[in-house]
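*Asks:* Here it is: the structure, laid out below.
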Amino acid sequence: MNAKTKVVVAGGGTAGWLTAFSLVTRLGTLLDITLVESDQIGTVGVGEATIPTMRAFHSLIGIDEKEFMAATQATFKLGIQFDNWGQQGDSYFHSFGEIGQRSWMAEFHEFWMEAKAQGFGGNLQDYCLELKAAKANKFSTFVGKKPVNFAYHMNATDYAAYLRKKSESAGVKRVEGRIEQIQNDETGNISSLTLKGGEQVFGDVFIDCTGFRGLLIGDNLDVEYEDWSHWLAADSAIAVQTQAVEAPRPYTQSIAHSAGWQWRIPLQNRVGNGIVYSSQFLSEDEARQTLLANLTGQTITEPRTLRFKTGRRKKAWHKNCIAIGLASGFLEPLESTSIHLVTTAILRLMKLFPFGGNTTMLAEQFNRETQLELETIRDFVILHYHQTQRNDSPFWDHYRTMQVPDSLVHRMAMFRENGYAWPDDVSLFRVDSWVQVMMGQGLMPKQHHGAGRVLPVEGLKQQMMALRNMIDKSVAQMSEHGDFIQTYCPAQNGR
Ligand SMILES: Cc1cc2nc3c(=O)[nH]c(=O)nc-3n(C[C@H](O)[C@H](O)[C@H](O)COP(=O)(O)OP(=O)(O)OC[C@H]3O[C@@H](n4cnc5c(N)ncnc54)[C@H](O)[C@@H]3O)c2cc1C
């Protein structure tokens, strides 16, 4: 019988514990997994909004939705409301739902544009169930037989603790201690970690989940970090928690300010808040004042500043080390994609796991896929900053006038000229996502596909009305979000 491959996970935040739990659940009979973490150092402590892909990932690794939600103070998330992004006073929604009904030839927004040209059709956002439910504070997992598309807001600390408990009972060994030294063999592979106090942890494969520090991939293996701050200038955040003063909304709020933006993430028992800004345009004091002046409840924690650099490791997998989570790169939290990237990295690792063979080729494939994925998300995030009419501050002037990647220039021009939008290369952001953000921030097409003109005008009108009526009826049947949570997944602790 072959000996088990020894996997050492360095770091016990969301990335570390999610990796350890996934590996033990799906490949546990082949692997011997140890996780090293330091209570003294702690985790980044933010990362509380997710996207719907998390649900499929959870079911793959056997996480029960109700149990997870009850353990993490979780609420449901149907999308993100963006305030003041296109212009001050604006508000639009990026919802997880489908907007209207597409045909094989044309997207729904193109039918809607034809309707507008004919003088009817209302608001594009009226054709999305998830969006209308969110605005009405309603929620259900299904409407009739139709599944609702949703994600979660959750307490990050509770989530790591929940995964730790499950991992340990499934056989992951946890070692408490600060990694102080890293040893390499003659080929450059990592052979062991030495902890404060001298204990050594040996392994065959090392997963770097040490957060922004990137102790193994960066400090030890010297893999360069590609800096994207010329596109995404934010380099700081201040996070603070507040008391809940209203029933939790089933969506995240993203509120743009004159130099940065603020998140509001409602959990069952409290609200997570923070401001993301660039130190080039705003001082820490000003950022803190802006955040504190725009909270809705009493603070229950001290504001905490975090520093980061947007970008990515040029190789997330190098030698026998795979970086997952913040150690592998960070965009910024605007579209809550970081935990999603942890899950896709884990899936990729499981598919390409180095059981033997040519591991250099496995690493190259891993790195290629990782790069493509990050670049796609990068373009989507940049779009929010760049497609704006705001000219009230040097911050917005910078973003409005900056050079953006060619891939994004092309996408925006195609939409502006022809109304054509397509899903991205990694199928993360659907056509509806791109359309909601582009139109939501004022990028309106000059033209649209002729499919809407194939129907008689009266036929188009009736179809659109029927869609809207069906959505309104469905929303009326849904529960209040807070009531749904109380019966489905009430929190286990009051934290
Ligand atoms: C401001 C901000 C907001 C965010 N919001 C979102 C969001 O809404 N949605 C989302 O998906 N993501 C978000 N993220 C990203 C998200 O927080 C992370 O992707 C996620 O928490 C994973 O972090 P991590 O596990 O990689 O790192 P960390 O949580 O930093 O964990 C690092 C681990 O490494 C350990 N460690 C480090 N050094 C040593 C050492 N020397 N010895 C031993 N152990 C060590 C630490 O103790 C810790 O356990 C946000 C990030 C920031 C900065």
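Every residue, even glycine, has its Cβ placed from backbone N, Cα and C.
Automatic prediction, not curation, is the source of TrEMBL annotations.
Sharing the features that TrEMBL gives for it:
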| type | residues | note |
| --- | --- | --- |
| BINDING | Gly12, Gly13, Thr14, Ala15, Leu326, Ile339 | FAD binding site |
| BINDING | Lys77 | 7-chloro-L-tryptophan binding site |
| ACT_SITE | Lys77 | active site |
| BINDING | Glu335 | L-tryptophan binding site |
*Asks:* According to DSSP, does Gly12 (FAD binding site) fall in a helix, a strand, or coil?
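*Replies:* Its secondary structure by DSSP: coil.
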*Asks:* Taking ligand 1 as the reference and 6 angstroms as the Cβ limit (strictly under), which binding-site residues among Lys77, Glu335, Ile339 are close?
*Replies:* Ile339
*Asks:* What's the CA to CA span in angstrom from Glu335 (L-tryptophan binding site) over to the residue listed as '7-chloro-L-tryptophan binding site'?
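*Replies:* So the Cα of the residue listed as '7-chloro-L-tryptophan binding site' lies 12 Å away from that of Glu335 (L-tryptophan binding site).
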*Asks:* Take the C-alpha atoms of the residue listed as '7-chloro-L-tryptophan binding site' and Ile339 (FAD binding site) and report the distance between them in angstrom, rounded.
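*Replies:* Here the two Cα atoms lie 15 Å apart.
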*Asks:* Which of the listed binding-site residues (Ala15, Glu335) has the least company, meaning the fewest other Cβ atoms within 10 Å of its Cβ?
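*Replies:* Checked Ala15, Glu335; of these binding-site residues, fewest Cβ neighbours within 10 Å: Glu335.
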*Asks:* How many other Cβ atoms are found within 10 Å of the Cβ atom of Lys77 (7-chloro-L-tryptophan binding site), counting all protein chains shown?
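*Replies:* Around Lys77 (7-chloro-L-tryptophan binding site), other Cβ atoms within 10 Å: 29.
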*Asks:* Near the FAD site, what residues other than Gly12, Gly13, Thr14, Ala15, Leu326, Ile339 in the same chain have a C-beta no further than 8 Å from the centroid of the listed C-beta atoms?
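*Replies:* The answer, listed by sequence position, is Gly11, Gly16, Trp17, Leu18, Thr43, Val44, Gly47, Ala160, Cys209, Gly211, Ile324, Gly325, Val342.
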*Asks:* Compare all C-alpha positions of Gly12, Gly13, Thr14, Ala15, Leu326, Ile339, the record's FAD binders, and send over the largest distance in angstrom.
*Replies:* 14
*Asks:* Any same-chain residues 6+ apart from Gly13 (FAD binding site) with CB under 8 Å of its CB? Would you list them in sequence order, or say none?
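*Replies:* Listed in sequence order, they are Thr43, Val44, Ala156, Ala160, Cys209, Gly211, Gly325, Leu326.
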*Asks:* So if I measure Cβ to Cβ from Ile339 (FAD binding site) and keep only same-chain residues at least 6 apart in sequence, which ones fall under 8 Å?
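*Replies:* Non-local contacts for Ile339 (FAD binding site): Thr14, Leu18, Gly47, Thr50, Met54.
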